[in-house]
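Residues or ranges marked as transmembrane segment by TrEMBL: C:12-33, C:60-78, C:85-105, C:125-144, C:151-170, C:182-200, C:212-232, C:244-267, C:304-324, C:344-361, C:373-394. Annotation source TrEMBL lists domain 'Ammonium transporter AmtB-like' at C:58-410. Annotation comment: TrEMBL describes C:417-439 as region 'Disordered'. Summarising the annotation, TrEMBL assigns compositional bias 'Basic and acidic residues' to C:426-439.
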Amino acid sequence: MPAYATNMRFKFPIVALSLEIITIILYGVFVVYDDGKSKGHGHGHAAPSNETKHVEPMTLYPMFQDVHVMIFIGFGFLMTFLKRYGFSSVGVNLLLAAFGLQWGLLMQGIWDLDDGKIKINISKMINADFSTATVLISFGAVLGKTSPVQLLIMTILEITIFAINEHLVVEILGVSDVGASMTIHAFGAYFGLAAARVLYRQGLRNGHENDGSVYHSDLFAMIGTVFLWMFWPSFNSAIAEPGIPQLTAVINTYLSLAACVLSAYAISSLVEHKGKLDMVHIQNATLAGGVAVGTCADMNIGPFGAMLIGLVAGTISTVGFKFLSPILASNLGIQDTCGVHNLHGMPGILGGLAGIVAVALGKKAGHTAAMQAAGLASSLGFGLVGGALTGLIMKLPFWGQPPDQNCFDDSLYWEVPEEEEENEESLAHADHSKNKAEA
Amino acid sequence: MPAYATNMRFKFPIVALSLEIITIILYGVFVVYDDGKSKGHGHGHAAPSNETKHVEPMTLYPMFQDVHVMIFIGFGFLMTFLKRYGFSSVGVNLLLAAFGLQWGLLMQGIWDLDDGKIKINISKMINADFSTATVLISFGAVLGKTSPVQLLIMTILEITIFAINEHLVVEILGVSDVGASMTIHAFGAYFGLAAARVLYRQGLRNGHENDGSVYHSDLFAMIGTVFLWMFWPSFNSAIAEPGIPQLTAVINTYLSLAACVLSAYAISSLVEHKGKLDMVHIQNATLAGGVAVGTCADMNIGPFGAMLIGLVAGTISTVGFKFLSPILASNLGIQDTCGVHNLHGMPGILGGLAGIVAVALGKKAGHTAAMQAAGLASSLGFGLVGGALTGLIMKLPFWGQPPDQNCFDDSLYWEVPEEEEENEESLAHADHSKNKAEA
Amino acid sequence: MPAYATNMRFKFPIVALSLEIITIILYGVFVVYDDGKSKGHGHGHAAPSNETKHVEPMTLYPMFQDVHVMIFIGFGFLMTFLKRYGFSSVGVNLLLAAFGLQWGLLMQGIWDLDDGKIKINISKMINADFSTATVLISFGAVLGKTSPVQLLIMTILEITIFAINEHLVVEILGVSDVGASMTIHAFGAYFGLAAARVLYRQGLRNGHENDGSVYHSDLFAMIGTVFLWMFWPSFNSAIAEPGIPQLTAVINTYLSLAACVLSAYAISSLVEHKGKLDMVHIQNATLAGGVAVGTCADMNIGPFGAMLIGLVAGTISTVGFKFLSPILASNLGIQDTCGVHNLHGMPGILGGLAGIVAVALGKKAGHTAAMQAAGLASSLGFGLVGGALTGLIMKLPFWGQPPDQNCFDDSLYWEVPEEEEENEESLAHADHSKNKAEA
């Protein structure tokens, strides 16, 4: 691929502006404010309520803001761990999520028109934010190896496919997935992994010098980790039925995450050299408990049940980072930059399985284990097939994909400050010593 | 100016403590807790309600906390982009906002006494936080070129003038400005620009080596950007009428900001070398949609109307950074460190104009386009004249203004760690090589 | 102590997993969801209400999230100021708090069983988070000088002792301490100081090269400072009686903190070389107003009363950092890494004293000054004795305590990225100069 193909001038502005203008036109045609008289509020992953009811329109707003922080700070900073890719991580995260939420509101709203219109309210905004989470998860799998144009294309395709699968799973199959272990986490992870497989790079099979962290980039990533960890109870409960089910979702997520921290730290120390903790595990595996408890967050699984799920999730996630990711990369050609298979893939499947068991045990009336299993299978299938097809489209040679040697490097798509001041000073010292030496 | 004049010992403590003690005395005389029996709650930018009504006193508290985060994290970290001025950015931001909110509550409360007292409640605390935003905007224009004492003087004068203009515009002229595009953003920007003009430094006309970023300082700044971006819906809706108007303000701001991100990124890539993105644009122009939709945030402009405003705001803001700021600096002598003209000035005017159009189209009953225009003119006038006069006072030679060569450098007013550890190590390496060379 | 004793492999995983599994079993036996039919909600530091009442279960959730952010972001990043200890600060903070909240919910719930069960709800989750604050305060005193295993042991012991003292003070003595100046801040500080005294290290009496900050580590710490500062009103009001008392707690804390910023900055400038501000003071002493106003936050002390408390707290805290901490270290053998005596110890006592005066002046019905004094004495006594005993247990030679030369260094317990990229580059330059010199 010739180097100039990565020049984004024209290519990127045309794609970005075209998508935005098309979206604004569609909003002009289809989207209106919710006047409080729609056929049902709080509609989303939760079981639909058919009766017309009055809800104070701002009730969910604090929950929405928590989810908003997870999407923009949480996902954005979690990916800043790479030493030379922080601008792209937090900056492209903002770009994709800002476009994705607009597109997601349209794609999800299509299935639920009211007088031919999508009526926007806080609940729909939460779901729109949710739809972007799938893209940000997949982004983690291809991080550092894709251009902004490729990623905008992924955004529009992935959210469209997500909305189809979610409608099928939640509305048609009637699956319970309040925290979206299956429809967001497993879907997003396997979508990204399939795309990463299609975009496999032979040239990176021995790693890349920029595919690693420095001390301060690991600290920036912890900002993302901790905000995701703290607000995950809001993610899993935002669209639960108000009252006790919502409280249950908060409590289960809080406890699962707390237990997950202990197993992630313990296993990290157990598998690492001299019992040291590994920042990759701490940044990611501590969150697996939030993913895995998602499907049954609003079910009466008991506080200790939630903690057991978290304990197992933290364990398999850490083990996955240590032992499975290298195998996926070397044997299956899946180069998963952020290890989304360990944070969202396996814990998402675990969440789906836990949901099947919980429903089979009668923990949620009106649902069946078979349908829960069908929901998991559907999410995995749509993810894998959708991701592979999307990867093929992303692979087309005119989207400005970076050459191998420029992977994981902001400077291909960003103006980067010339030199760290420290370098300038040390350069000065080095020059000084050089001069002395020469003198 | 002799160098010792920048010694803050005595000068700064005396000013800071005197202001605080005077403020505490005024609070002792004038400020009491709101007992829920005042003549009207929720009083602020919004249209005043005259009847006595009962409001649960903590309803607005989550909104207040969102605004609080914008003021202290958002503005504070947004300005940490400078390589050697992070302590001042986030630290002096904290100082000015902490004093400003105390002063703002007094200055705004004076116009609304109840039995001769200011009754403090959450709504008043939100407005007090708002009043500090004007100062923090102006701070961006003079960042790196002023002493803490100068900035405390700016704080007390700017908030006083802001409270007069706000009372005139909102209460006397009856202007609608729920998100304060005019009374906060345009006012604060032109206040700061006028002050910066008066404080013009010939010595900085060719730039300054510290007036730039390093890689990690740009990431710190993104913390500020993203928190401002996420919570801006709260800023624009916090004092809207409860219910549908407040929901409308949230939705309009959310959509305007989302559209603004796309245009800011697209135009940044279009105008930069090789189509690369510029962090200055991403950090700032992505927020212009929140500023520009402020005045008509609670009006029925339609979701696509809000998105159009955002699209235009992101465009003019990015273009302003690229082409207008250099002209302002070289031709008009306005050295605008953070480019507040592009983030708050022009988008604020755009917001005022959009409000005039929206009111003319009947989008908000009880207001007139003429009065909206008067409100914009008043805010610009008070900003420019107030800023120029304040600049003259700040220019008096005994406030410890930094000499040109110490601009944009924390070490003039802060104890700064001697050396980065990296330097020490690289120094060691350099010394090592020197020794080797000498040996 | 032989170096290999710090190898955490087996030691740490066994302790962490054992504690977690025991905790899960205890949850299986004792903890159930709150079904809304318990004998009294909102039970905690606040005066208990005996009647059965119905509360919407999610009302306190936004407050809980604010407190959650203080615990995990606030405390975690506040301690990242050390140049080489950021992973441990934010990472071990997460570990201790995640385990501590599970243990705290058990230890606090034991005193308030309902049909033999602990019924978990948002109020209990807030109190569980509170219980971890004591550990995180004490962590600050021993930061950099303890192993993760030692700290897990401290967590379990300190929270157990805290729960006993809190039950004694609040329930049995009937002391009013809504913001927990005494039961959390003074207790946690003196517990940590007593432990630090027992763990005194002769080898650190002249300081340690890693016991200091670098420029960017000070900025990371400001993330912690500002989040703590902003959300402190939630900490002090979360368990206040709903309505006016809760509003009063918010207002008093907001104003005390604002006034405290001015005195902390003023005194920092007054006592430092050339009137410069010191980041240590700004990061810490600006928060002392939140600690000191805690006990009487919900009392009618008047806005100016709250501001006076903040003004005094900021002053004594800054003076403590400058003059008292060196004396404690050199004369009493108390090596207080984060200066918790200045942020939590003295301001906590000030808060207790202010509470005694306020109660004596009749600002809170149903309480007596004598009981308030007893509550302060009890908290100090339990803290000092409990901390000393815990320190003795932590001193046992098999917990992997770091040798003096490895104190304040992440690399003993963490995989740390090999080199900063800057170093690599400067190394390259140095090598280049070396080669030139040799040539």
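Glycine too: its Cβ is placed from the backbone N, Cα and C atoms.
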Who are the chain neighbours of the transmembrane segment (C:151-170) in space, where the CB to CB distance is under 8 Å and they lie at least 6 residues beyond its ends?
15-16, 19, 44-45, 92, 95-96, 99-100, 103-104, 107-108, 110-111, 131-132, 134-135, 138-139, 142, 177, 182-184, 187-188, 191, 195, 374-375, 378-379, 382-383, 386-387, 389-390, 393-394, 399
Long-range Cβ neighbours of the transmembrane segment (C:12-33) (under 8 Å; 6 or more residues past either end):
95, 99, 102-103, 105-106, 109, 113, 116-121, 147-149, 152-153, 156, 400
For the transmembrane segment (C:60-78), name the stretch out of C:85-105, C:212-232, C:304-324 with the most CB-CB pairs under 8 Å.
C:212-232
State, in range form, which of C:125-144, C:244-267, C:344-361 has the highest count of Cβ pairs under 8 Å to the transmembrane segment (C:182-200).
C:125-144
Proximity verdict for the transmembrane segment (C:125-144) and the transmembrane segment (C:212-232), three or more C-beta pairs under 8 Å:
no
Among the recorded stretches C:85-105, C:212-232, C:244-267, C:304-324, C:344-361, which has the greatest number of Cβ pairs closer than 8 Å to the transmembrane segment (C:373-394)?
C:344-361
Out of C:85-105, C:212-232, C:304-324, C:344-361, what stretch is closest in contact terms to the transmembrane segment (C:244-267), meaning most Cβ pairs under 8 angstroms?
C:304-324
Cβ contacts under 8 Å made by the transmembrane segment (C:344-361) with residues that lie 6+ beyond its boundaries:
137, 140, 176-177, 179, 181-182, 184-190, 193, 288-289, 291-296, 299, 301, 309, 312-313, 316-317, 320, 367-369, 372-373, 375-376, 379-380
